[in-house]
Amino acid sequence: MAGAPLIRLEDICKTFHNGDLAVEVLHGITLDIRAGEFVAIMGASGSGKSTLMNILGCLDTPTGGRYLLDGEDVSTLNADELATLRRRTFGFVFQSYNLIPTSTAQENVEVPAIYAGTPAAERRKRAAALLNALKLGDRLDHRPSQLSGGQQQRVSIARALMNGGRIILADEPTGALDSQSGEDVMELLRSMHQQGHTVIVITHAREVAERADRLIEIRDGQILSDTTKRDIHTPEATLQPHEEIAGNGAHIADISEAVKMALRALRANIFRTVLTLLGIIIGVSSVVTMLAIGTGAQNTILDRINAMGTDLILVRPAMAGFRGSGSIATLVPQDADAILELPNVKSAVPEVTGTVTLRRGNVDYQSQANGTVPAFSLSEIVESRQRQLHHPERYRYLRPCGWLGTTVVKTLFPDGSNPVGDYILIQKIPFQIIGTLEPKGAGFGGSDQDDVVVVPLSTGNLRLFGQKYVRSITVQVKDSSLIDTTQNQIQSLLDQRHKKRDTMITNMSSVREDAAAMGKTMTVFLGSVAAISLLVGGIGVMNIMLVSVTERTREIGVRMATGARRRDILLQFIIEALSVSAIGGAIGVILGLGAAALASWAGLSVGYSFGPVLLAFACAFATGLIFGFLPARKASRLLPAVALSSE
């Protein structure tokens, strides 16, 4: 017969290795098959016929020899080039049908066209037409489990024809069918041969083999006989390789199609998917909640510091190596007067504090007494409600008067009466209440700023505490940008006055910076603790994906047989992992925000911001990518023949 053969095998050998043991399955097979032939390769189990079919269909590569397909040396092609060749040239019909159980009949038929880059509308139309031609038009949306064996095999045949199927390789196509269904399948194969397809049937049954025009018998890896029963009829219009629409083809047409396949696979085992999602959901929601609470705590601390004023400088007595600064009697009211003369100083307020016993009627109560001067209100620490009673004259002498914080008022005046003008005993000394203080709530560190009684500085020093020195001087500056310079000037002034360094000076701006840094550290710590659960969720994703790869090995083989390249398989399984992580991340963000809102309702300070939410979702997405890569890579590295033979 004129013309070069479509398939030429020259001295093909195949050896399998099991440790140190080498088993040669094919021994120097030489064979020509021309375009349009209907060939049956017959042999008993273990004869090597399935191995020969795998090599013919580019599902496996020979150990030795040369395989020419349409004049091209197949043995020189890499894995992706072999995938392209399978997609453009071959259509496979398997004994066990090898349909994807999670897909409908129409979706199964569309698989080869997906990897060929055929537009969705066109491939759906062609798949429906093929199934209608095979009398399955009313079964388009049925899954394999809803079809009979004969119907499943017809779906398999339609899939083989989806990309043209220039060469049809049928492996035991009637082996799992009843006699009538088997007869129908053989008639379909004969019809495909008459339409110009090259049909190669692999079988162990002589009655099936004799339906072909040419019968090649193989035994123990060698061709035993090669006979032609009748003149080979080659159709005038021999089919050409399938022309792919998407350039080089062999890629998933778009990401949306890969996502659809991923979601379809995830729905197949919904319980396992939910368990996998839980790990990501818990991890992401923990990160969002912890960061929100941490940010809220940081903001609360900073707000309290801001309320105290960031333009304040605090001067306290202290000496290097001396513990207990409160007992150092070096800071005096005259130091405040000297500080007030500095250029950037707005006010300098000396203060003396100590614990005192208050009494009204039969109620005794211990509180904090604060002796200060009129400028005290300028420090913005407390304010008097009765400013008309806030006269400097009351500070200059040992006047027994004072202002009460709201906690003290509630304790000594539980009946709600107005304390102004009334008298109480402080350290057994009668004091007139001339005002109350604005409520301040908890201070920095959790102390109650309302548990205080304010008295004139001179009264506090001599009548209550019996001392002339002060505990601290609070300085308010005019220009906050010069606060560091002013702090240095105060330090130099006091060093000069005291002839030594016996004071400790801090400004609220630096305290705020330290508190902000501490808050950030705590937030990072909380986020890190929560991120551990996200890491555990990621390991769960990897574990489930590895199980999925093992369970779906045959599906991977089917996809590779129909033209999927390694990158297509890699992309599909990575997208499955990313889909789990993205869904879990979205649910986790919602639950995390809900948990944060619940914490806020319960009284905790919560700080919402877009950054932590985006970070948590991005971490979930990255977790899916990182932990999904290893299973995806494992899937993409499988050999088609090995994957198809898995149980």
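Glycine is no exception: its Cβ is also placed from the backbone N, Cα and C atoms.
What you see is a predicted model, and the numbers here were worked out from it, not measured in a lab.
The annotation domain 'ABC transporter' is assigned in Swiss-Prot to 7-245 on the grounds of sequence analysis. Marked as ATP binding site by Swiss-Prot on the basis of sequence analysis: Gly43, Ala44, Ser45, Gly46, Ser47, Gly48, Lys49, Ser50. Per Swiss-Prot, transmembrane segment is recorded for 274-294, 529-549, 573-593, 610-630, and the stated evidence type is sequence analysis.
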* Asked: Near Ser47 (ATP binding site), which residues of its chain come within a Cβ-Cβ distance under 8 Å, counting only those 6 or more away in sequence?
  -> Ile218, Arg219, Asp220, Gly221
* Asked: Among the binding-site residues Ala44, Ser45, Gly46, Gly48, which residue has the largest number of other Cβ atoms within 10 Å of its own Cβ?
  -> Gly48
* To do: For Ser45 (ATP binding site), name the DSSP secondary structure in the helix/strand/coil scheme.
  => coil
* Asked: Around Gly43 (ATP binding site), how many other CB atoms lie within 10 A of its CB?
  -> 23
* Non-site residues, in chain order, whose CB comes within 8 A of the mean position of the CB atoms of Gly43, Ala44, Ser45, Gly46, Ser47, Gly48, Lys49, Ser50 at ATP -> His204, Ile218, Arg219
* Structure fact -> Here the 10 Å Cβ neighbour count for Ser50 (ATP binding site) comes out at 23
* Structure fact -> DSSP, reduced to three states, assigns Ser50 (ATP binding site) to helix
* Against which stretches of its own chain does the transmembrane segment (610-630) lie, if we need a Cβ under 8 Å and a gap of at least six residues from its ends? -> 280, 283-284, 287-288, 291-292, 295, 527, 531, 534-535, 537-539, 541-542, 545-546, 573-574, 576-582, 584-586, 588-589, 592-593
* To do: Give, as a single whole number between 0 and 100, the mean pLDDT over the domain 'ABC transporter' (7-245).
  => 87
* **Intrachain C-beta neighbours of Lys49 (ATP binding site), sequence separation six or more, cut-off 8 angstroms** => Ile41, Met42, Gly43, Ile202, His204, Ile218
